[in-house]
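S.K.: Attaching a single structure in structure tokens format; questions to follow.
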Amino acid sequence: MTFRARHLLGIEQLAPDEIRSVLDLADSYVDLNRRTMKQSDALAGMTQINMFFENSTRTQSSFELAGKRLGADVMNMAVAQSSVKKGETLLDTAMTLNAMHPDLLVVRHPASGAVNLLASKVNCAVLNAGDGRHEHPTQALLDALTIRRAKGRIQRLTVAICGDIAHSRVARSNLILLGKMENRVRLIAPPTLMPPGVGEFGCELYDDMKKGLEGADVVMMLRLQKERMDGAFIPSEREYYHRFGLDADKLAFAREDAIVMHPGPMNRGVEIDGTLADDINRSVIQDQVEMGVAVRMACMDLLARNLRAERGRAAVGVMV
């Protein structure tokens, strides 16, 4: 199993063989999570601190559950009650926590690059749970696992990513991962929500939903991220749904066996028709939630193995 990373800060740092290693290990954790006894000792004796500077339900609870199932001591830092609210900087907070000798820091932050900066200042492994518009690596990995289990492969597929591309770290991480794994990627969005220069990733750009979905194996919808918008990017939610919301009529242009994905939380009737989101024959949205726990277990397991090996080498060096 190949995984060389000291931290997991983005998909950009991973080679295809490392991506496959994460997915293969995550597959085994899917099996474990379906058992009555859902326990491993992979992180036994280790401390995991979750630092979420943005609100999160799915991701934070998924990381917490993943750590506990691996046997870690898990602490959720309540940012609203922390010294950050009293003016303490991110680095001061990180250095304070670093002095307590944690083994894993799971960090979500509204500023792109904040997690990379933090990782350069601490002695433990750092896992990016989403930073601004930059990256959300575990979301892309769990999406890849969901696709592989549904389609039998994660190569040579046509994947359409639709919606708020401009503000989405999920889109960016998926675009990078799918490209590394030799897939054909299409981005579908109104011009106001298509970031400049995104075509450099080798993807196809569309502002017509039906044309973009034609022959797609996978349809990945994205949430409208109003909290990151500082202007009028769409005329109205009603008009947006009419042109870019996924319904049965638009999905008919994709392959007959195309799967429907959404990272959540969903705005039903805006990004996707509620009936379609719940269609067990097409939607794999709940599978994504399940795969999220397994993928995060795999990522933390692999980072912990590398951390233990690094500490072991350091200890030998001290003895010598």
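Backbone N, Cα and C define each Cβ position, glycine as well.
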S.K.: Name the one residue among Arg34, Arg108, Arg238 that Swiss-Prot lists for the same carbamoyl phosphate site as Arg58, Thr59, His136, Gln139, Gly264, Pro265.
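M.R.: Looking through Arg34, Arg108, Arg238, the residue Swiss-Prot assigns to the carbamoyl phosphate site is Arg108.
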S.K.: Beyond the listed site residues Arg58, Thr59, Arg108, His136, Gln139, Gly264, Pro265, identify every same-chain residue whose Cβ lies within 8 Å of the center of their Cβ atoms for the carbamoyl phosphate site.
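M.R.: Apart from the listed residues, the neighbours are Ser56, Ser62, Ala129, Gly130, Val170, Pro263, Gly292.
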S.K.: Among all chains shown, work out which of the binding-site residues Thr59, Gln139 has the most CB atoms within 10 A of its CB.
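M.R.: Ranked by Cβ atoms within 10 Å, first place goes to Gln139.
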S.K.: Roughly how wide, in whole Å, is the group Arg58, Thr59, Arg108, His136, Gln139, Gly264, Pro265 that binds carbamoyl phosphate, by largest Cα to Cα distance?
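M.R.: Site span for carbamoyl phosphate, by Cα atoms: 16 Å.
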S.K.: Of all the binding-site residues given, Arg58, Arg169, Arg223, which has the fewest Cβ neighbours within 10 Å once its own Cβ is left out?
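M.R.: Sparsest of the binding-site residues Arg58, Arg169, Arg223 by Cβ contacts within 10 Å: Arg58.
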S.K.: Return only the integer: C-alpha distance in Å from Pro265 (carbamoyl phosphate binding site) to Arg169 (L-aspartate binding site).
M.R.: 14
